[in-house]
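A quick write-up on the structure given underneath.
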Amino acid sequence: MSDEINETCKPQACAIQNCLMKNGYNESKCSYYIDELYKCCKKFYESNGSSASSVCCPKFNLLQLKLKQRELGQIDANLIDTKHG
């Protein structure tokens with residue numbers, strides 16, 4: 001077993017971070033990039049099995065849940081305005 005860190009899907013994960021920074025961490029504006037990461041991670045698990053691991057991908061069971069939620073059109077997150085004024 002290798003001690004090497006698996007960074008499969010790193011470009012997609014970095015794209016999410018860049019999008020979040022550009023959009024004030026409003027996750028709903030970065031759905032495209034989140035979907036791209038999930039697609040990449042799905043391919044990763046299909047090729048390597050459900051016990052595989054990448055620091056850029058959610059665990060297999062969580063990815064399955066997220067993919068199912070997105071198929072149903074559920075939104076991952078909304079920015080809640082907590083400013084009072």
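Placed from the backbone N, Cα and C atoms, the Cβ positions cover glycine too.
Since the structure is predicted, the reported quantities are computational estimates derived from the model, not experimental observations.
Some features that Swiss-Prot has for this protein:
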- 6-48: domain 'CHCH' (DOMAIN)
- Cys9-Cys40: disulfide bond (DISULFID)
- 9-19: motif 'Cx9C motif 1' (MOTIF)
- Cys19-Cys30: disulfide bond (DISULFID)
- 30-40: motif 'Cx9C motif 2' (MOTIF)
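Structure with Swiss-Prot features highlighted.
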| residue | record | DSSP (3 states) |
| --- | --- | --- |
| Cys9 | disulfide bond | coil |
| Cys19 | disulfide bond | helix |
| Cys30 | disulfide bond | helix |
| Cys40 | disulfide bond | helix |
Exercise. Under a criterion of Cβ-Cβ distance under 8 Å and sequence separation of at least 6, what residues of the same chain contact Cys19 (disulfide bond)?
Worked result: Lys29, Cys30, Tyr33
Exercise. Out of these disulfide-bonded residues, Cys9, Cys30, Cys40, which one has the fewest other C-beta atoms within 10 Å of its own C-beta?
Worked result: Cys40
Exercise. What same-chain residues lie close to the motif 'Cx9C motif 2' (30-40): Cβ under 8 Å, and 6 or more beyond its ends?
Worked result: 8-9, 12-13, 15-16, 19-20, 23, 56-57, 63, 66-67, 70, 75-76
For this session: Take every residue in the motif 'Cx9C motif 2' (30-40), average their pLDDT values, and give the whole-number result.
Result: 95
